[in-house]
Amino acid sequence: MIGTMELYAKGASVWVPDPEAVWVSAKLLKDYNLGDENVVLQISDGREVQYPVAPPSGLPPLANPDILEGENDLTALSFLHEPAVLHNLRVRFLDYSSIYTYCGIVLVALNPYDQLPIYGEEVIDAYSGQDMADMEPHIFSVAEEAYRTMTREEKNQSIIISGESGAGKTVSAKFTMRYFAVVGGAAQQTSVEERVLASNPIMESIGNAKTTRNDNSSRFGKYIEIGFGRKGDIIGANMRTYLLEKSRVVFQASQERNYHIFYQLCASRDLPEMRVLKLGGAETFRYTNQGGEDSMQIPGTDDVVDLERTRNAFTILGVPPDQQMELFRILAAVLHLGNVNIQASGRGGDRSYIDGEERSLSVFSKLLGVERTQMAHWLCHRRLTVGGEMLVKPMPGQQSLEARDALAKHVYGQLFTWTVTRLNSALRAQSEKPKSFIGVLDIYGFETFERNSFEQFCINYANEKLQQQFNRHVFQLEQEEYVREELPWNRIEFSDNQPCIALIEGQLGLLDLLDEECRMPKGSEESWARKLYDQHQSNNPSPHFRKPRMSNTAFIILHFADMVQYECDGFLDKNRDTVFEEPINILRASQSELVSELFQQKPSSLPNGSLRSGPGMRAQREHKLTVGFQFRQSLQLLMDTLNSTTPHYIRCIKPNDLKEPFMFDPKRAVQQLRACGVLETIRISAAGYPSRWTYAEFFSRYRVLLRGGGVQTQEQIQASCQRALPELIPDPEQYCFGKTKVFFRAGQVALLERLRAERLRAAGVIIQSWVRGWLGRRRYIKTCWATLTIQRYTRGALARRLADLLRYTKAALIIQKTYRMVAIRQMFLMIREATVTIQAFTRGSLARRQYRRVVAERAAVLLQSAMRGWLARLAYRRVRAAIVLMQCCVRRRAARRELLKLKAEARSVEKFRELNKGMEVKLMQLQLRADQKVRCWCHGR
């Protein structure tokens with residue numbers, strides 16, 4: 001107590017409760033003395049308060065020194081309590097932008113709601129082969145620890161990722177699988193690793209949806225076993241799924257969406273290959289528009305791009321394009337089925353019918369390759385067995401709508417199961433059987449909404465089982481082993497949720513009473529609720545069960561994380577998960593191979609539901625097919641698998657409900673820390689021994705650090721370990737000897753590994769020195785012999801080179817003399833030839849110049865003579881023209897005179913006779929000439 005009083009001195013930092021921030025820091029204004037009822041504190045905002053220290057409050061928790069602020073492992077804090085943990089997480093998250101923090105064997109991961117550059121190939125390379133203690137907290141560090149433990153101890157591992165919806169579990173699982181694909185693959189990613197990673201976008205498309213808390217919430221659970229070969233490489237994988245939320249196919253709450261694949265198909269409706277699906281916008285389908293127009297699109301996502309990524313993943317996994325289109329046809333048919341309008345008729349609406357022109361039913365039937373008229377008939381009728389006879393009875397409108405929705409859920413469930421089977425077939429190991437595996441569990445987180453139904457009940461039941469597994473591994477089994485090994489140990493109490501699990505799955509528990517009510521011919525939610533009240537509130541009261549004050553069809557369960565009120569409405573139908581057999585028979589006879597394949601299974605083998613043709617089905621058979629019964633069995637199988645492996649825990653924390661990046665809400669954070677067992681983990685990790693080895697295992701592993709390495713008995717091995725450990729680890733508080741095992745506190749195994757590595761390194765150095773000395777001596781002898789040989793050959797080569805040099809020198813002189821003579825002669829001949837050429841060109845130039853001068857002078861003379869001749873001729877023509885003119889005038893005058901004379905003569909007869917006689921003579925002469933010319937021409941031919 002005196003030591004405690006010294007800690008609470010003036011100026012000491014403490015934590016005090018606060019209604020808004022949960023815890024706020026304060027400083028003591030004066031020393032605390034034993035017996036004081038109050039301590040005087042100054043809050044961080046400057047206020048002074050009197051803090052009562054009387055029970056049950058007690059002294060306020062002390063704050064850690066500043067040097068430990070932002071510590072990457074919560075168990076390393078000096079003071080381990082809730083405010084210290086909360087403050088350390090807040091400092092790392094807001095100040096350092098570190099979303100990961102160790103908490104002993106648990107990794108706490110806060111969702112940053114932002115893309116961080118801490119998952120690249122270079123980060124994977126940095127964490128590969130490194131110890132957790134040597135690196136900053138990271139999900140890759142947990143994955144590397146699981147991988148190294150598997151390869152070293154040859155034991156199967158499991159990574160259990162848990163947390164509320166929206167805390168980042170799915171993303172954490174994807175990064176974990178990506179790490180294994182890189183470190184467990186070759187230098188370049190092989191087809192196996194590529195197929196393992198390709199399964200993620202497919203399962204997200206058909207199994208994830210937007211909820212009010214998470215834009216990419218997993219609406220099913222999955223456990224992926226990644227198988228490794230002898231060399232630590234991935235050789236295959238297998239996936240198990242749990243409880244698909246099929247009710248989301250036909251109903252979504254406000255601000256929520258159906259499964260992503262439906263919106264991806266609607267967004268890609270304009271692609272050429274998608275036009276055959278006859279799709280419209282998501283707002284035109286009843287199964288996709290119930291959440292409201294604001295929820296149709298998720299910010300930051302592109303449905304068209306996501307569908308392309310999904311199709312590429314199908315291709316990588318070996319699903320051909322035509323089979324992909326068959327799958328898309330079935331999904332589109334589900335959307336069209338939701339738009340089928342079923343109308344009530346008859347008195348009181350006891351009948352129903354589908355209009356003959358109903359387009360949605362026609363498209364649905366065409367896409368699935370079934371008969372439209374038969375489907376229209378059996379959506380509105382059912383077959384009953386009465387007295388051994390089969391009767392067909394029309395169904396009321398509401399019952400027909402329920403049958404339509406049940407068919408849609410069943411088709412989607414069968415398609416989901418087929419897809420998982422197809423993925424497992426593609427991921428199955430082909431060459432060899434896996435030697436060991438690492439399982440990654442990504443299952444729905446704890447959920448509580450304004451209205452909680454059967455799905456939330458099953459989800460929270462699964463989280464109760466996982467929390468129990470965590471408790472048993474971290475707390476109960478840990479402490480039981482300490483007691484069994486007779487270690488000096490003060491038992492730590494922890495909250496066990498076994499009573500809550502017994503309330504759900506125990507004899508006459510909620511699931512038993514639910515299955516019993518489902519077997520009743522006239523079972524109802526009201527009757528089931530009354531049985532719950534009678535059994536768990538009156539006859540055998542349970543502290544985890546309550547009845548609401550204002551409702552007779554609801555019940556409250558106090559889960560480990562929160563108190564949840566469930567509405568009984570819909571529990572029986574969802575637990576039965578029945579669909580009438582007649583529509584299934586129609587689908588079995590489909591012309592589509594994939595549709596026919598989906599519904600060829602027998603009813604007893606259906607994993608997610610049951611078929612019924614009437615109320616006469618045997619009760620035992622229907623009991624085996626209830627969803628609750630199957631889910632309980634698959635969950636127990638999962639627990640057996642987890643308990644048979646070495647678990648590694650990742651606790652995802654949702655820092656705020658607004659999905660704002662790097663915003664820390666202390667109320668929400670501390671609520672999740674209290675619920676998921678992180679604070680209890682801190683207590684037991686700080687006080688316990690997380691690492692343990694049997695003496696034989698320790699001796700085998702660390703024999704190089706121990707004395708006496710010969711074959712020894714078990715007692716000698718134990719004594720050797722007990723003698724050597726005090727020398728290796730001086731602090732006796734860091735280890736403890738049990739009956740069959742030696743236990744170590746956190747960090748001590750890493751210390752031993754470092755010592756072992758140093759010892760092996762020292763031994764390796766000694767071996768290397770001897771080997772290198774022997775190799776050096778051999779190398780020296782060989783070098784001496786080689787040197788002498790080289791010298792001999794070198795001297796001979798130099799002498800030959802000198803002789804060659806002399807011969808080459810003499811030859812060079814002769815060549816130079818001859819060359820110079822030839823060069824000078826060639827230069828002389830070239831100069832002479834050039835001179836002659838220049839002279840020839842010069843003389844030619846002068847001759848041509850002289851010739852041109854002579855030609856020019858001759859041309860001038862010719863021009864002068866021509867000009868002078870032209871002038872003379874011009875003068876001659878002028879004179880001649882004047883003379884001719886004068887002659888003309890004279891002759892004209894003479895002619896006139898002659899004319900007058902002739903006119904006078906013509907008047908006489910004698911003149912005419914003389915003229916005629918002259919003409920006859922001329923004609924005869926002309927005739928003779930013509931005859932001569934003809935004769936000459938004929939002789940010529």
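Quick reminder: no glycine exception, Cβ is built from N, Cα and C everywhere.
Record features, source TrEMBL:
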- Gly163, Glu164, Ser165, Gly166, Ala167, Gly168, Lys169, Thr170: ATP binding site (BINDING)
- 9-61: domain 'Myosin N-terminal SH3-like' (DOMAIN)
- 69-757: domain 'Myosin motor' (DOMAIN)
- 635-657: region 'Actin-binding' (REGION)
What is the Cβ neighbour count of Gly168 (ATP binding site) at a 10 Å cut-off, with all protein chains included?
-> 26
What same-chain residues, at least 6 away in sequence, bring their CB to under 8 Å of the CB of Gly166 (ATP binding site)?
-> Asn111, Thr211, Arg213, Asn214, Ser217, Gly445, Lys654, Lys659
Quick tally, other C-beta within 10 angstroms, Ser165, Thr170; top of the binding-site residues is Thr170
Does Gly163 (ATP binding site) have same-chain partners at least 6 apart in sequence with Cβ under 8 Å from its own Cβ, and which are they?
-> Ala109, Lys169, Gly445, Arg651, Cys652, Ile653, Lys654, Gln672, Cys676
When the region 'Actin-binding' (635-657) is classified with DSSP, how many of its residues are helical, how many are strand and how many are coil?
-> 9 helix, 8 strand, 6 coil
Cβ contacts within 10 Å for Glu164 (ATP binding site), all chains included, total 27
The domain 'Myosin N-terminal SH3-like' (9-61), counted residue by residue under DSSP: helix, strand, coil | 0 helix, 24 strand, 29 coil
Overall pLDDT of the domain 'Myosin motor' (69-757), taken as the mean | 85
Same-chain neighbours of the ATP site, Cβ within 8 Å of the mean position of the Cβ atoms of Gly163, Glu164, Ser165, Gly166, Ala167, Gly168, Lys169, Thr170 and not counting those residues, run in sequence order as Asn111, Asn214, Ser217, Gly445, Cys652, Lys654
Other than its own, how many Cβ atoms are within 10 Å of the Cβ belonging to Lys169 (ATP binding site)?
-> 26
Using a 10 Å cut-off, grab the number of neighbouring Cβ atoms around the Cβ of Ala167 (ATP binding site), all chains included.
-> 25
